[in-house]
Amino acid sequence: MKFFKKKATSSVTPVIITDDNTQESYELRPVSVHSRMSHHSVDIPVTENVIVSSRANCCQQCCTKENLKEQALLIATIAAVVLGIVVGISLRGLKCPTDDRVNGCRITKEDITYIDFPGKIFINILKMLILPLIVSSIISSLAQLDAQSSGRMGVRALVYYIGTTLIACIIGIALVLIIRPGSRGAPPVNPSDTEAPQGRIIDTVLDLFRNLFPDNIMEATFRSYATELKKENKSFISPIDNTTYYKNVYTATVTKRDGINVLGLLIFCIIFGILISRLKEKAVLLKHFFEAMLEVVMQLVGIAMLYSPIGIFFLLTAKMLEMDNLADFVGSLGLYMVTVLAGLFVHGLIVLPLLLFLITRINSFKYIRGMSQALVTAFGTASSSATLPVTYRCVEEKNHIDPRVSRFVLPLGATVNMDGTALYEAVAAIYIAQLNNIPLNAIKIILTSLTSTLASVGAASIPQAGLVTMVIVLNALGLPADAVGTIYAVDWLLDRFRTAINVFGDSIGCAIVQHLSRKELAALDEKKNDSTTVLPLLVSNLEPASNTPRDTLKHQSNHDVSSSYHSPIIMTPM
């Protein structure tokens, strides 16, 4: 017999509603009989029917049309990644070694470009949205903040980005020194036709400042500064024995390359948005314009994401067909890949989620699940800038980050925060030193971490931009720059993983900056709420003393009161 069985109860706190306007929106909710808020809870027996109905309501919320649509899109994108790799590997048997279809082969290099075409269209669509997204998001977010709040938010974001980048470098250096991939396995073959790009760290620093202050803001939307080093083999006469010798001389030339100057646009939009917030009513039209522009761009992003599974599938299929030899993934180069991937997973799955939980107390697993669509897109496109529209949606809609924070922090992170790139460059530099039996002391290892951090900031957020900045790190350590060709065979795959880590680090930065800026955001919300209550108070003071019906007063407040308040009453003669 089941005596003394405890009934299921539900704790309900009575709600006090004293305002008539509030009463209209809460007509179905219970009201306390007391005139003040009751802090006592009442235990009400809950039957099985109530429990079943609550579960049904929960299922209805989880199985809404919008949620099912998002889940289907995510599943389709992940399936596109898997199918793209599988189909690409299975079609390698039909790949022709030359441009002619001989010996039963069917797929030439020209055919691969056709396979890659739908994927290129997808990347072009995302890149098309980058410029209006960056401009509208930064200006609209800073227009809602004051200069002091935006300055503090920017400092916190930069400190987070620099700190996590240094942590990523340290993780990569520790792993490459422990595993030592350059001292094990068969050494990779450096292709003779691969010419390494040249670069110096001083040129990178100067290019950063040149791009920060462009001479033409319209040109900055499609061009940026870059320093090119031209190699010339010149002859010299020795002053000692008058003998002639030849030496390679590099001449630095400042040019302009195609691509958005994100740094210049960031500085311009930040100053523009801060000035809009300071002008207040005078610039309210500009504020509303950029807010509406951002809403339109986000709608375009939602439409573009419907094409993402198709684009990612063809991108990965073509990339697997372009790969020359699967044997590149074994031997010393395979260990190098394992080292880089281990460092990326440690940083992305342990360090960053741990920072998120310790600082904000947010469930890291739910946050990662909310960012899954952006991470898969980053893996497919290998570009953090192209993934920026998707990152906005995941951060704001899935993880509920304040748009005032995400619209300012994400564009900054897509340019400055390169955790995965810094880790990759540190590991690659020490790996090349191990291949060439060049010992590195503690000072050079510290120099590797600092140089990798600075070079990663200068890396463009485009596919395989890390190879260019990789040469800067090698030159700073006195290592041969031509050795970059040894890691080129697997760079395309590592580039996709480190891009996903870069995007994930940007999203973690949004949550941390929002948590650290919660007091400033709350103060701005309170100030905004106070300003919105000024007009209703003025209207209430103008109410007549007679018992006017409420509906009549509402109608009068919408027309007569506002007009009488803003303009004087003019008496006309009878």
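A Cβ is built for glycine as well, from the same backbone N, Cα and C atoms used for every other residue.
Quick look at what TrEMBL lists:
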{"type": "TRANSMEM", "residues": "72-91", "note": "transmembrane segment"}
{"type": "TRANSMEM", "residues": "121-145", "note": "transmembrane segment"}
{"type": "TRANSMEM", "residues": "157-179", "note": "transmembrane segment"}
{"type": "TRANSMEM", "residues": "259-276", "note": "transmembrane segment"}
{"type": "TRANSMEM", "residues": "296-316", "note": "transmembrane segment"}
{"type": "TRANSMEM", "residues": "336-359", "note": "transmembrane segment"}
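Where the transmembrane segment (296-316) meets the stretches 72-91, 259-276, 336-359, the count of C-beta pairs under 8 angstroms peaks at 72-91.
Contacts between the transmembrane segment (157-179) and the transmembrane segment (72-91): absent, as fewer than 3 C-beta pairs lie under 8 angstroms at sequence separation of six or more.
Remark: the transmembrane segment (259-276) contacts the transmembrane segment (121-145), by the rule of 3 or more CB pairs under 8 A.
Residues 164, 167-168, 171-172, 175-176, 179, 181-182, 329, 365, 367-368, 419-420, 423-424, 427-428, 431, 487, 490, 493-494, 497-498, 500-501, 504-505, 508, 511-512, 515-516 of the same chain sit 6 or more residues outside the transmembrane segment (336-359) yet have a Cβ under 8 Å from a Cβ within it.
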